[in-house]
Amino acid sequence: MEQICLIILLISKALSVGAQFNGYNCDANFHSRFPAERDISVYCGVQTITLKINFCPVLFSGYTDTDLALNGRHGDAHCRGFINNNTFPTVVLFSISLATLETCGNALVVSTAQGPNAYGNLSLVQIGNISGYIDTPDPPTIISYLPGLLYKFSCSYPLEYLVNNTQLASSAAAISVKDSNGTFVSTLSLLLYNDSSYVQQLSIPMAGLTLKTRVFAAVKATNLDRRWNVLMDYCYTTASGNPNDELRYDLFFSCDKDPQTTVFENGKSQMGRFAFEVFRFVKHKNQKMSTVFLHCVTKLCRADDCPMLMPICGSRKKRDVSERTESNSASGNAIITAGPIITRSDDTPMNNSQLAQLNSPVFRMNTVTSALISGIIILGVMSLCFFILSLTLLKGKRAPPTILSGARNPAFN
């Protein structure tokens with residue numbers, strides 16, 4: 001009888017463990033525990049960052065794969081991982097592209113460190129550190145018996161891996177528009193350029209852009225007919241790639257505009273254009289370089305109705321009319337992002353000679369030392385003058401007497 005009870009107990013335990021891990025490649029002897037730091041593996045690749053999380057302790061803690069998301073973005077399917085059950089143990093994979101770091105709110109911090117440059121010489125090198133976390137959502141209740149899971153990660157790269165000299169990372173947004181012919185989808189993109197010709201995309205050197213460099217931005221739309229134009233509601237900047245970052249600076253918003261920002265075209269065609277001067281965020285005061293991300297809240301409007309949707313400063317009545325017509329003549333808003341724009345402070349070295357000057361020791365004399373050296377120089381000059389004068393006088397005393405020549409006068413005898 002005891003043997004039968006033992007067999008029943010073992011079977012029930014096996015069934016409970018199997019139900020707990022739901023058929024995933026997990027071992028109850030090793031994975032019946034809460035997650036630990038060793039459960040995450042980070043692979044810092046050239047193009048992507050790959051994160052692997054041991055899924056078995058996550059299941060044991062009472063969560064599923066849909067509960068894990070990057071940087072708290074649980075409502076965004078692009079910020080979740082996917083299960084790989086072909087390995088032991090089963091893992092949840094996250095892939096982060098270096099070209100779209102801002103998509104799920106990963107943080108990018110640029111610092112300067114001493115190391116070998118592209119030529120193998122020891123100099124100051126700019127390093128970009130990418131960091132973030134994977135967590136589970138907070139429960140809607142006041143208390144919870146489930147542990148909150150948190151996995152942190154970071155990767156460091158030379159800056160040339162993150163900011164290519166020929167192009168910048170930019171995001172695109174698909175926006176749905178409904179008209180009399182049905183519903184169509186247009187793609188909005190935000191691009192940065194070197195000059196007002198809007199031909200060559202912005203090129204950022206490894207050392208970063210100098211402050212007050214003028215950058216030209218354009219919001220473009222695809223798959224549009226002539227009846228629709230692009231309308232930029234407002235554009236702003238953040239220190240991170242997160243458009244919802246609390247630390248932000250508005251370039252233009254309604255009738256308010258940054259003095260260094262110029263809007264060339266808005267609501268008049270299928271492209272919005274403006275320019276601004278780059279700056280640094282004060283929070284980066286202890287860093288040689290600062291990161292700036294540009295965000296624009298954009299919509300599509302009918303070409304005939306766009307002027308009514310534009311902010312008309314000083315005329316509240318016209319603005320009220322536009323608000324009433326907005327729902328019928330414009331699409332919803334879309335946020336598009338470009339960056340990072342890397343800026344440098346004025347004391348950031350630009351070339352190898354400046355780097356050498358930074359690395360070489362600087363010799364400074366105090367007031368007493370400089371006065372002593374000046375006195376010695378003056379005394380030496382006076383001694384030299386006295387020596388020359390003495391030689392001149394001595395030569396005059398040693399000169400032979402003058403011998404007169406001519407005929408003798410007998411009158412003096």
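Glycine is treated like the rest: Cβ placed from N, Cα and C.
Candidates considered were Cys235, Cys255, Cys313, Cys385. The record in Swiss-Prot pairs Cys296 in a disulfide bond with Cys235.
In Swiss-Prot, the feature pyrrolidone carboxylic acid is attached to one residue out of Gln20, Gln201, namely Gln20.
On a Cα basis, Asn85 (N-linked glycosylation site) lies 59 Å away from Cys313 (disulfide bond).
Residue with the densest Cβ environment among the disulfide-bonded residues Cys79, Cys155, Cys296, Cys313: Cys296, by other Cβ atoms within 10 Å. Here the Cα atom of Cys44 (disulfide bond) is found 11 Å from that of Asn129 (N-linked glycosylation site).
In terms of Cα distance, the disulfide-bonded residues that sit within 10 Å of Asn129 (N-linked glycosylation site) are Cys155, chosen from Cys104, Cys155, Cys235, Cys255. Looking only at Cα atoms, Cys155 (disulfide bond) sits nearest to Cys104 among the disulfide-bonded residues Cys79, Cys104, Cys235, Cys296.
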